[in-house]
Structures are given as C-alpha cells and as structure tokens.
C-alpha cells in the first residue's frame, strides 16, 4: 500500500515540477529521432537493437547505405526512446524533495535519541526496546521508497550499473526489513540517516544541470562527492560497522542473525567503495577540464564522432532514469551535462 502511495506521489509531483521546469526554460524535447526506415525498424524491434558487423554489412548492401550511416541510425533509434529533459527534471525534483524531507526528519528525530550520540545505546536492553510511532513511520516511509525504486528499475531505461543498483536495492530492503523484524531499529535509523545525507545533493546537481546552471551544478556535485565519501567511507565503516561488528558482539554476544545482518552491511560498504571510485574519477576530470565531464553510466549514446562534437554542449554528467532510479542510488552519471 505504501509503495503504491510513493509511486502515486512521484507521478502527481510532476504537476508541480513541470511548471517549474517550463519557467526555467526546460523544453519537452528528446534526442534526435532516427529517420523512418521500415527495414531497419523491423530489425530493431524484432531482431537486435545493436547489430553486429556481419548484419551491418548485409543491411548496407540491402539499403545501399554506408555502414557508418546505419550505425548512426541505430544509435539515434536507441536514444529516441530515452526520457526527455523535462521528464528527468520532474523526477529529480520529486526525489530531491523526498530525500531532503526524510533527511531532515531523521536528523530532527535522532538529535534527541541517545543512540545518536553513543552507539552502544543501540544494544543496551536489546531486544526489549520500545518502538515509538515516529521511529515506526520513519522506517515505513524509507522501506516504501526503496521498494518503489526496486519496482521502477525494471520499467526504466536499463543502465550500465543496473546490476549494482539491483544489489543495492536488495541489500537496502533486506536490511530495513530484517532490522525491523529483529527490532534493530536503533542502528537501522543511523544507517538510513547516513545514506540520506548525500542523496539530495546529487538530485540538486541534476536539477541545476537540466536548468543549464553549469557552475551551480558543478558546485553541488563537488559538495555531493565530499559528503558521500566522508559519510560512506569514513563515518559508515568507523561508526556504523564498528557498532554492529564489535560493540554488539561485546554487549549482547554472537546472536544468531549476526552474520546475515553484518553481511548485508558489508555488502553496502563494497558498493560504497565502487561508487566512490566513480565519483572521484568524475570529479578529477572536472578539475582538469573545468567542469564535470563524462560518467560511465550515461544512457545517451552519441551517433558518431561528428555528433559528439556538436552535442557536447548539451550532454551532461548525470544519467538518471525517467523514474529517477538513482541513484549511482543512482549515483554518478551523464556526459557533460545532458544528464540521465
């Protein structure tokens, strides 16, 4: 039920985000469309979207077209189904609003929680710890959001990091569900809040990208990179993993689910390392070139070397899907600033 609410709110939010996008001058126009061709269209829809060399040669003889021209047609055809900038802006605005709201809700809630300042409090009197209504709603909202991301990933444009994101969503949903069932909600709230700290900055960078505010976009992305690395490679292993691996063992002993729980948390840490590498590489290119450049997740292909030159001014760093699936948590993406 809550997942359906999340999906409904995400769709409804477009009615708010769309006017904002239009006021910023964002047009509802997609990539260059391929010229109509019945033969190539049949191959594209029925056989393959990326023909190999042998098939390209056959099509070249059949149509009397240059192989390069056919390759360009297939690239245009693949790209024309991608979401428009206006659609991506609306999705990022919805996600930005959710991430920012849930992060501040979590901070406000945890600021008065004793385990926020002393992680050993997560395990005192475990598992007989009260579940307050504020803590319950915090957990359920987060769980619903990640379930909606899981479902929407299969209807979204498939990206290079599809498997990483799938593992991320599985691990996150597994952790939220598992910790709730075992009343490990105290340490669970710390994990959730820590992950929300950087996500809204990435969405803010995407919004600035779509609105063509290059400097603001670069600034948000650099800030996102710093916060992401500090929280995921610093605070997470030395604060979260320390209490789940060592303090819990010391205070309550090797409980039966210890291995599974920490296995999921360590899986998240592996993903953090991969994403941090991608972010650092993108940021390094940005420092060298003066602005954020290409990222390996981009879902927009260029048709040829000539098109790469002419389209660089419209390509972006962030590549998010039409429904907002993140993340690199979706996290890093784009080519020079087309974005997703």
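Here the Cβ of each residue, glycine as well, is placed from N, Cα and C on the backbone.
Automatic prediction, not curation, is the source of TrEMBL annotations.
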Per TrEMBL record, range annotated transmembrane segment [choices 200-219, 220-239, 300-319]: 220-239
For the DNA-binding region (42-85), the DSSP residue counts stand at 30 helix, 0 strand, 14 coil
Taking the transmembrane segment (259-280) as the first stretch and the transmembrane segment (162-181) as the second, find out whether 3 or more Cβ pairs fall under 8 Å, excluding pairs closer than 6 in sequence. yes
